[in-house]
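Here is the structure we will look at.
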């Protein structure tokens, strides 16, 4: 007979009543895993561009009793009673979000950025309609028409790419594709594109072919809020985003628009079209994060994020690696490892072993398989939240280069602990608040 996997505090618990024990007493297995992850975050350098460190206030909201509340529907139009308090929270989130981005309508219920995108598709498209988005191989996102994603299965997906020499979006190619395919939806945005997007040009092309313009600003929303990245709000028909990444909130999504008719369709697509009850504890955490982003200090944070990423990218470039597009205008950079003859997978694993976390990433027109890649993606949002500045990012770049050279020379096993010690020393001066 298999041993019980039930938490110790529950194996002999009475069959009634809510367990009042704290997590460590109620479920040591989960508590240990969380404690170990806390240690990992404290002692490691986080360079994953889609990750960040939330405030204690955001964590507190996420862990509140709002997790107990069902609230299908929208404020003042719920299908359950007892919603006055969660209505107030959702109204706050909506008002703060619109204030933050200068939009008129907002839906804060999507559980993720992917579901925010799906809500737009459900609201504004029919199966088989044509969508035009950035190719995944050029830095796009799965939900913008990749064949393995529902967006590439339910719709006729056409992809535009980047110039093979500059790695910048080929706007003329995109315009030509738009004229030939007449997409119902034109998508701007991606997950590994390090340069500014020309929203005015996207708008011009969308108008020329009669397309709806959607901007997915999941990666750069916090930079828009901080005033260091152009806002898509004056140009796009509809905007989607996550609430984490550069916005430094809980994991979730939202949709913005200035069009009342689109807003009504989006609301119906989110509920009841895609989701049932919203996660009110997450919406509370979103409200907290939006409030934090409205503080003037957030503009300083956003400016430092971009400055730090440019320093990181330039130092890696000076150290002999290649940077796609030659640099960055935002919080992320894509590093081409081919000058060192190291794959993205090997680099990711080697760097994690010394305490630097990032992800393997395809470079434009990558000859390697998606699970191997020729590159890595680095980001500065999380480290900047810890307080890292340009000097720390120069040191981080040096640690990356030292590790990759050790991999190439076959000396990482001997060098690992010394490099790991220097990583711990660096982060010790910038403790997390939890």
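Glycine too: its Cβ is placed from the backbone N, Cα and C atoms.
Over in Swiss-Prot, the protein carries these features:
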- 136, 140, 141, 142: (6S)-5,6,7,8-tetrahydrofolate binding site (BINDING)
- 245: N6-(pyridoxal phosphate)lysine (MOD_RES)
- 244: site 'Plays an important role in substrate specificity' (SITE)
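For residue 244 (site 'Plays an important role in substrate specificity'), the nearest of the binding-site residues 136, 140, 141 in terms of C-alpha separation is 141.
On its own chain, residue 245 (N6-(pyridoxal phosphate)lysine) has 49, 50, 51, 52, 218, 219, 221, 222, 331, 381 as residues at least 6 apart in sequence with a Cβ closer than 8 Å to its own Cβ. Shown in sequence order, 133, 134, 189, 190, 191, 216, 218 are the residues of the chain, 6+ apart in sequence, with a C-beta less than 8 angstroms from the C-beta of residue 141 ((6S)-5,6,7,8-tetrahydrofolate binding site). Counted over every protein chain shown, other Cβ atoms within 10 Å are most numerous around 136 among the binding-site residues 136, 142. Taking the centre of the Cβ atoms of 136, 140, 141, 142 as the (6S)-5,6,7,8-tetrahydrofolate site, the nearby residues of that chain (Cβ within 8 Å, site residues left out) are 133, 134, 135, 139, 143, 144, 145, 146, 149, 190, 191.
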